[in-house]
Structures are given as C-alpha cells and as structure tokens.
Amino acid sequence: MGIPNEYSGVPDNWFVDPVQLGIPGVRRAAPEDDNPLAWQSDSLCAQTDPEAFFPEKGGSTRDAKRICGSCEVRGQCLDYALQNDERFGIWGGLSERERRKLKKRAG
Ligand code: SF4
C-alpha cells in the first residue's frame, strides 16, 4: 500500500484574496483618495441646482439645507469647508454664518 497522492482535503483554491472579495477595510486605496474633493462625486448638490447653494445675500437657504439633509457626504463636505475656510455658500448643511459660529464654539 503506498501513500495516497491526495492526502489532504484542502482544495488548491482555498485562499481567496480579500482584496478581490472587496471586504471592507482591506480594499486597495483608489487613486482618487488623494484628491481632497473626491467626496464631491457623491454629493447631492452636484445633481441638483448649484445656485441654491450660493444664494444672493438675504436669499433663502432652505432648499439647499434640505438637500444637504439627505446627502451621504455631508460630514466630509462640512469638514472640508471648515478646514479650507470656505466663505461662501452652503456646505454640509450650514451657511457661512453657521460655520463661523461652529468654528468659534470649537475654539
Ligand atoms: S452636504 Fe450639501 S453642500 Fe455638501 S455635498 Fe452634500 S448636498 Fe452638497
């Protein structure tokens, strides 16, 4: 009696590359991760009327803020505006004045 060739039940393809499976956390960084504005590709305002986000002085910000309320990248948007001192328009659901207040409060 010889030793059987197939002494292991482990199939050749047992190892599956997690990168190919797309498991969260082991994904390869996409090249656009270097772009600080990459989140804008998921922004809701890009699909709507951008003028609502830059109203005339005294104009209504209600529509823009409502859209921001359902936007997936609201957090990134607000962070970006705060870090870059964006002066004009609605970012992350906050007006220029509201962002200024938020910054003051954060110290
Ligand atoms: S939070 Fe508002 S301003 Fe920012 S990307 Fe989303 S919709 Fe646009």
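Glycine is treated like the rest: Cβ placed from N, Cα and C.
Automatic prediction, not curation, is the source of TrEMBL annotations.
Per TrEMBL, these features apply:
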- CYS45, CYS68, CYS71, CYS77: [4Fe-4S] cluster binding site (BINDING)
- 44-101: domain '4Fe-4S Wbl-type' (DOMAIN)
By Cβ count within 10 Å, point out the most packed of the binding-site residues listed: CYS45, CYS68, CYS71, CYS77.
-> CYS77
Can you check what DSSP calls CYS77 ([4Fe-4S] cluster binding site), collapsed to helix, strand or coil?
-> helix
Compute the centroid of the Cβ atoms of CYS45, CYS68, CYS71, CYS77, then list the same-chain residues not in that set whose Cβ lies within 8 Å of it, in sequence order, for the [4Fe-4S] cluster site.
-> SER43, LEU44, PHE53, ALA64, ILE67, VAL73, ARG74, ILE90, TRP91, GLY92, GLY93
